[in-house]
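Student: My questions will all concern the structure given below.
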Amino acid sequence: MAHTFRGCSLAFMFIITWLLIKAKIDACKRGDVTVKPSHVILLGSTVNITCSLKPRQGCFHYSRRNKLILYKFDRRINFHHGHSLNSQVTGLPLGTTLFVCKLACINSDEIQICGAEIFVGVAPEQPQNLSCIQKGEQGTVACTWERGRDTHLYTEYTLQLSGPKNLTWQKQCKDIYCDYLDFGINLTPESPESNFTAKVTAVNSLGSSSSLPSTFTFLDIVRPLPPWDIRIKFQKASVSRCTLYWRDEGLVLLNRLRYRPSNSRLWNMVNVTKAKGRHDLLDLKPFTEYEFQISSKLHLYKGSWSDWSESLRAQTPEEEPTGMLDVWYMKRHIDYSRQQISLFWKNLSVSEARGKILHYQVTLQELTGGKAMTQNITGHTSWTTVIPRTGNWAVAVSAANSKGSSLPTRINIMNLCEAGLLAPRQVSANSEGMDNILVTWQPPRKDPSAVQEYVVEWRELHPGGDTQVPLNWLRSRPYNVSALISENIKSYICYEIRVYALSGDQGGCSSILGNSKHKAPLSGPHINAITEEKGSILISWNSIPVQEQMGCLLHYRIYWKERDSNSQPQLCEIPYRVSQNSHPINSLQPRVTYVLWMTALTAAGESSHGNEREFCLQGKANWMAFVAPSICIAIIMVGIFSTHYFQQKVFVLLAALRPQWCSREIPDPANSTCAKKYPIAEEKTQLPLDRLLIDWPTPEDPEPLVISEVLHQVTPVFRHPPCSNWPQREKGIQGHQASEKDMMHSASSPPPPRALQAESRQLVDLYKVLESRGSDPKPENPACPWTVLPAGDLPTHDGYLPSNIDDLPSHEAPLADSLEELEPQHISLSVFPSSSLHPLTFSCGDKLTLDQLKMRCDSLML
């Protein structure tokens, strides 16, 4: 089975070889291409190329119809009609160039005849910088060199090493790019001073070249292996006692060390001789991570350094902190007796902390008493406490690690903005790039030389004034008037910036708002309430979230317009203040529904409007608008009512509007039994009116006339229209009218004189037949024309007082007619009921005397 398989394999290989030979032969079966002087030429040489057809391989056996074409790669460079073609070619480039000869017949495709490759190159240059090295005591010798320029031809390199006792080692390399060869032999330190010679030779078709011989000894070419097993040890956990350990080969005489902090690019170098694998380092920093590397060498002057060892990373021990904390503070009044102190400080640098800071110690002291009031331990970089507003206070802050504490930083608590003359002037904040703000100011008005330092403070602006917002600050020398702040600066965030000028125990400050980048706010304020206050409205709103403000706000705008109105809205622009969240508006009209909304503005533009709220002012209109016209109307009415003519017309109108129950007539005495029984007596007593008015004596204490009460239901008097006094033509009537005149003035103002005269005459006629005396006439009144009736003759039954003037004598009718003309015609316009009044209750018993009864033309009065 094995013999069969082996035979098949040999047969397969034979077939493949025959096919390749056949293909080679068939490639040029129609002709040949020859190149002279050679297929390999030197750069810049000329070659002759000949293409010839074999017998009977042309076109139809006619040579004139044979067209031979010569191609250089795919480009035609020459052609000829016949059996052969000769062409001379120059200027060939470095490398390989392919030429192909083809036959072209009429009405047929071109037929390939044969081809040839021409190799253009240069002779090898002399190899340079030949060097040999043996890595470690147990390594092998290897050499490197520089080839020079590329020959573009097949080149063979031969490396030869000769040693003592005619020892020779040789190694070849047939790679065109060969520049390294390893002999694979090891030189031993038995003869460290023995010389060895190395040489390399390059050979190709155009020539050869050899390097200069390189002579060296064992110590020259042996490179030690890098040190290994590196470690470090700190004695008593002290950075001042640090020892580095490593391991080396036995023949190493010299070492070099390099080390650096892990965050640094610069190395510290140390050379040590006969270190024997250890070295003490004295300049390391506490609590710092270092990177260590070591290299070795066999001889001080001969040989080469080993490669650097692998890095060792280690952290040094802690030490007591150095430096002092940078402390700043804020003060805020709580009430009349207390204040809040917030302390802030920056972390120490790594070189100052010299370890991990475990905590900070804060000591608050009242300077007057001199004793420590508060001591606190905190792990944060801020601390807040409440102290009295009285007294002088100082604070000290120090940092502590596992080895100790730093020196305390002491500051006196004072009012940083108390001295107005120390306040920096013309403070400005401008954007300086993406995350930087340039703050500039002018020295205070007070002597600038008094300023010891400036402090620039900044923090994110929060509407609520949150004291938990991180505080940032930097200190500047007194001759500086600008500062570039970049720590914790973000785009589209507004910062409250303060510049303090400090001088001893005094300070002055100025503030401004600034941002590194801004654009229009993303939203407007949200109106949460609208209230009415004394004819105006108070609008309250929620502040825009900080992340939507997109920079420092400059103004708020309040817009309003009438609901369902297409007119342009009115607006009110309010300068932005951090603590403001309400604003009054007093230009709205009452009982009109308005739509209100708000926007906010930055230096980049205006935000979209916030929510809309409707509101209608329901309060009273402006009272001055009603008081002023009312006063004017009252003055005009008083002026009108003060005229006599208008008063008379008004009284007539009031009499017409008087209720019906107020104008009920008094019972007429003419209808009484007494008047009907003695009509003759009444007629006999007729006297002229003029005589009655002239000769009427003044009564002196008349006896009361007893009259039975016949008014079972008397209407109460609610209104007393004015009646006039009696006319004063005679002295006898003046005394009788005195009491009645007083009563009339107490009821109302006197009516016009004409009405008084008419009324007086009417009353005289009504009572002309009655005598208010006793039964017998007195002798002192002999001239009295009245008829005297005895008391016994008076009727004992009920009677009525006369009120009908129609029964009077005829000679007095004209007087009655004239009185009727003066009285206004009765018009019943009253809206008051006349039948629902309660009876008038008299307190005079069963009898009503005339001294208790006073009768007027329009009312009955007791």
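Glycine is no exception: its Cβ is also placed from the backbone N, Cα and C atoms.
Worth saying up front: this structure is predicted, and the values here are computed from it rather than measured.
Below are the features listed in Swiss-Prot for this protein:
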| type | residues | note |
| --- | --- | --- |
| DOMAIN | 226-319 | domain 'Fibronectin type-III 2' |
| DOMAIN | 320-419 | domain 'Fibronectin type-III 3' |
| DOMAIN | 521-620 | domain 'Fibronectin type-III 5' |
| CARBOHYD | ASN48 | N-linked glycosylation site |
| CARBOHYD | ASN129 | N-linked glycosylation site |
| CARBOHYD | ASN166 | N-linked glycosylation site |
| CARBOHYD | ASN195 | N-linked glycosylation site |
| CARBOHYD | ASN271 | N-linked glycosylation site |
| CARBOHYD | ASN347 | N-linked glycosylation site |
| CARBOHYD | ASN376 | N-linked glycosylation site |
| CARBOHYD | ASN480 | N-linked glycosylation site |
| MOD_RES | TYR800 | phosphotyrosine |
| REGION | 796-801 | region 'Required for STAT4 binding' |
| MOTIF | 305-309 | motif 'WSXWS motif' |
| SIGNAL | 1-23 | signal peptide |
| TRANSMEM | 623-643 | transmembrane segment |
Student: Counting only residues 6+ away from its ends, which parts of the chain sit with a Cβ under 8 Å from the motif 'WSXWS motif' (305-309)?
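Tutor: That would be 223-228, 230, 246, 256, 258, 293-297.
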Student: Rank the glycosylation sites ASN166, ASN347, ASN376, ASN480 by the number of other Cβ atoms within 10 Å of each Cβ, and give the residue at the low end.
Tutor: ASN166
Student: Which one is it, among the glycosylation sites ASN48, ASN129, ASN347, that lies nearest to ASN480 (N-linked glycosylation site) by Cα separation?
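Tutor: Answer for the nearest of the glycosylation sites: ASN347.
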Student: Under a three-state reading of DSSP, tell me whether ASN480 (N-linked glycosylation site) is helix, strand or coil.
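Tutor: Going by the DSSP assignment, ASN480 (N-linked glycosylation site) belongs to neither helix nor strand, so it counts as coil.
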Student: What's the CA-CA gap between ASN166 (N-linked glycosylation site) and ASN129 (N-linked glycosylation site) in angstrom, rounded?
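Tutor: The separation of the Cα atoms works out to 24 Å.
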Student: Tell me the Cβ contacts of ASN271 (N-linked glycosylation site) under 8 Å, same chain only and six or more apart in sequence, or just say none.
Tutor: LEU254, ASN255, ARG256, LEU257
Student: Note down the number of other Cβ atoms within 10 Å of the Cβ of ASN48 (N-linked glycosylation site), including every protein chain shown.
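Tutor: Other Cβ atoms found within 10 Å: 12.
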Student: Quick one: give me the count of other CB atoms within 10 A of the CB of ASN195 (N-linked glycosylation site).
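Tutor: Taking all protein chains shown, ASN195 (N-linked glycosylation site) has 13 Cβ neighbours within 10 Å.
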Student: Give the distance between the Cα atoms of ASN195 (N-linked glycosylation site) and ASN129 (N-linked glycosylation site), rounded to the nearest whole Å.
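Tutor: Taking the Cα atoms only, ASN195 (N-linked glycosylation site) lies 18 Å from ASN129 (N-linked glycosylation site).
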Student: Tell me the Cα distance separating ASN48 (N-linked glycosylation site) from ASN376 (N-linked glycosylation site), rounded to the nearest angstrom.
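Tutor: Approximately 103 Å lies between the Cα of ASN376 (N-linked glycosylation site) and that of ASN48 (N-linked glycosylation site).
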Student: Could you say whether, by DSSP, ASN347 (N-linked glycosylation site) belongs to a helix, a strand or a coil region?
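Tutor: Reduced to three states, the DSSP call for ASN347 (N-linked glycosylation site) is coil.
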Student: Between ASN48 (N-linked glycosylation site) and ASN347 (N-linked glycosylation site), find the distance joining the two CA atoms and give it rounded to the nearest Å.
Tutor: 86
Student: Let me check the 10 A CB neighbour count of ASN129 (N-linked glycosylation site). How many other CB atoms are there?
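Tutor: By my count, 11.
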Student: How would DSSP class ASN195 (N-linked glycosylation site) in three states?
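Tutor: Where ASN195 (N-linked glycosylation site) sits, the three-state DSSP reduction gives coil.
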Student: Is it possible to list how many residues within the motif 'WSXWS motif' (305-309) are helical, extended or coil according to DSSP?
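Tutor: For the motif 'WSXWS motif' (305-309), the helix, strand and coil counts are 0 helix, 0 strand, 5 coil.
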